[in-house]
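One structure below.
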Amino acid sequence: MSALASRQRYLPALVTGCLFAAMFVAGGIRYEGFASGQVILNVFVDNAFLLVVAVGMTFVILTGGIDLSVGSVVALSTMIAATLMSGPGWPPYVVIPLVLLIGSGLGLVMGYIIHAFDIQPFIVTLAGMFLARGLCYTIGTESVPIEDATFTAFAQTRIDLFAEMWISPSVIIAAVVVAVAAYVLHYTRLGRAVYATGGSEQSALLMGLPVGRTKIAVYTISGFCSALGGVLLSFYMLSGYGLHAVGMELDAIAAVVIGGTLLTGGSGLLLGTVLGVLVLGLIQTIISFEGTLSSWWTKIFIGLLLFVFIVLQRLFSSRSSR
Amino acid sequence: MRRLLWPLVILAALLAVNVLFTPGFFSIQVREGHLYGSLIDILRFGAPLILVALGMTLVIATGGIDLSVGSVVAISGALACLQISQDAGVFTAVVLALGLSVALGVWNGFLVANAGIQPIIATLILMVAGRGLAQLITDGQIITVNDPAFKLIGGGYLLTVPFGILLVLAVLAVTAFLTRRLALGMLIEAVGGNAEASRLAGIRARGIIVMVYAFAALCAGVAGLMISSNVSSADGNNAGLWIELDAILAVVIGGTSLAGGRFSLAGTVLGALIIQTLTTTIYSIGVPPETTLLFKALVVTVVCLLQSAAFREKVFKRRARTAGAQEVAA
């Protein structure tokens with residue numbers, strides 16, 4: 001840990017930040033109308049849900065775990081919200097807390113199983129992924145539109161900033177989540193316990209930190225963030241569908257890793273995750289600006305970028321450990 | 001044998017459920033010189049999963065994991081079908097597809113062994129990019145081929161037995177011989193137990209790691225040929241989708257720990273058969289297809305809980321204590 005102290009700690013996030021800036025400059029030179037503030041804001045608008053999900057994933061990965069269920073929990077949340085609002089006509093202020101509660105509950109159960117029965121997180125959250133996706137299809141196999149007046153009005157609100165730039169309310173929610181999570185991670189006991197558990201579970205135990213409670217807490221946080229991500233996605237899509245957010249767990253993991261958090265746990269910054277999501281979003285923006293590129297190039301680019309990042313990280317971390 | 005007990009019980013229970021709903025479930029007939037029956041179907045449709053899971057077993061035994069096999073399945077099928085649709089000949093197509101698969105596996109192994117990247121991330125790269133690569137090969141289309149020789153691999157019969165089953169048996173036999181009759185299996189377990197210690201003991205840990213990833217990719221490549229040959233087409237987007245998760249599940253259900261250091265080929269085959277039987281059972285007992293995943297989540301949770309020592313200790317206390325004593329004695 002001492003090797004990663006102070007300056008070293010910010011290095012991976014700094015590299016990601018530089019890459020983001022470089023990509024933005026390159027895009028600005030290549031495409032007309034690219035270099036505007038709204039393009040960056042749109043990246044936030046289009047990826048607010050991914051940002052929230054990735055924040056939850058950061059907590060889990062920092063403890064050295066992994067959560068494969070997030071994409072399915074996002075889909076389940078959109079499905080429950082849409083069905084309850086369109087069928088029995090429940091109001092959004094009842095539905096949204098309920099959805100958040102269900103997501104956190106799922107996370108809590110998974111965290112408990114991982115901690116109490118000592119089963120690998122990969123397998124437990126994989127079962128959680130099947131469960132949540134299965135529940136989606138059990139509720140319905142069709143896409144359910146959301147027509148609730150309050151909900152749609154909120155979803156379509158534009159918050160005007162200066163110079164004709166605007167953001168959606170989802171961006172503000174995501175920003176609040178990021179701020180709260182950053183505070184929790186870097187300035188509270190829970191945050192310290194998260195880093196310590198990921199650094200070395202054995203040492204954390206010997207120091208008397210509540211390792212079990214921390215592990216259960218991070219999966220609950222991740223479940224909550226996924227459910228909130230689901231609510232934001234239903235603002236964005238205005239529908240609930242079992243096939244929403246397929247593979248989002250991989251995007252979230254990729255964003256966290258690109259942001260410089262080590263999968264072994266114990267090292268990483270929340271700021272890095274935000275930059276990771278921005279980089280992923282900017283790749284998609286560039287590909288849509290390019291126009292002629294097929295969608296599969298997106299996948300190949302993201303793969304290549306992951307590769308470059310991991311190799312860079314590897315180089316830095318091996319230098320600092322010497 | 002004790003490790004295989006729970007998987008065997010689960011498989012037997014699943015088969016028993018099937019017999020209750022379909023009385024003729026165990027009957028196997030020879031029709032037009034071909035073997036027919038539900039059990040044969042389970043083996044035939046489960047063949048690609050068993051192959052992928054066999055490769056995955058060795059990777060997991062070294063303490064790694066390979067998320068890219070699903071993409072390799074798609075790439076291999078896509079390349080083979082592309083070659084055949086361009087009149088390249090089945091043999092060339094198969095050799096090229098398998099060659100590319102092995103090359104991708106070596107790439108994975110190189111990232112893990114030489115660059116020292118965590119296996120899950122190293123293979124995530126190919127998992128994401130590989131899907132794109134498969135679609136690039138097929139140009140986003142579904143390539144349909146009509147070639148009797150290619151059809152044999154996944155849909156054909158040899159000596160009344162489906163060819164896919166024979167292929168699996170052959171790969172299983174070779175793998176079992178190499179790992180259990182020669183020292184290779186022990187070397188793999190040594191690397192999984194402690195890579196650094198095994199290197200100090202004179203084992204070429206890096207070579208072994210590259211080899212297991214190449215083997216996993218080769219198995220995935222063969223599975224890709226089977227899947228695309230069975231439906232006579234290549235779909236870069238959907239072929240082998242999520243098969244890596246099923247394969248990892250099969251390995252874990254079969255009693256191989258994700259921590260590495262030991263493995264059980266028989267357990268993996270049992271695990272893959274459980275997953276395939278589960279799919280068949282869902283159809284035969286008339287569970288609505290929408291709830292398939294729920295059912296799967298339930299079975300996976302039950303199997304994993306049964307295999308967790310901590311769970312057994314909490315639930316049936318007395319039995320766990322004697323089992324624990326035996327483990328210590330062994």
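Even glycines carry a Cβ here, placed using N, Cα and C.
Residues annotated as transmembrane segment in TrEMBL: A:12-31, A:43-62, A:69-87, A:93-114, A:121-140, A:166-185, A:216-237, A:269-289, A:295-316.
Most Cβ pairs under 8 A with the transmembrane segment (A:216-237) among the ranges A:69-87, A:93-114, A:121-140, A:166-185, A:295-316 are made by A:93-114. Annotation: stretch A:43-62 has the most Cβ pairs under 8 Å to the transmembrane segment (A:166-185), among A:43-62, A:69-87, A:93-114, A:121-140. When Cβ distances are compared across the two stretches, the transmembrane segment (A:269-289) makes no contact with the transmembrane segment (A:93-114), since fewer than 3 pairs at least 6 residues apart fall below 8 angstroms.
Panel annotation: around the transmembrane segment (A:43-62), residues 70-71, 74, 121, 167-168, 170-171, 173-174, 177-178, 181, 185, 194-195, 198, 218-219, 221-226, 228-230, 232-233, 236, 245, 248-249, 251-253, 255-256, 259, 261, 263, 265-268, 270, 273-274, 276-278, 280-282, 284-285 of the same chain, lying at least six beyond its termini, place a Cβ under 8 Å from a Cβ of the stretch.
Non-local neighbours of the transmembrane segment (A:121-140) in the same chain are 60, 65-69, 71-73, 75-76, 79-80, 83, 106, 110, 113-114, 219, 241-242, 249; each lies 6+ residues outside the stretch with a CB under 8 Å from one of its CB atoms.
Counting only same-chain residues 6+ beyond the ends of the transmembrane segment (A:93-114), those with a CB under 8 A from a CB of the stretch are 65, 67, 69, 73, 76-77, 80-81, 84-85, 120-121, 124-125, 128, 131-132, 215-224, 226-228, 230-231.
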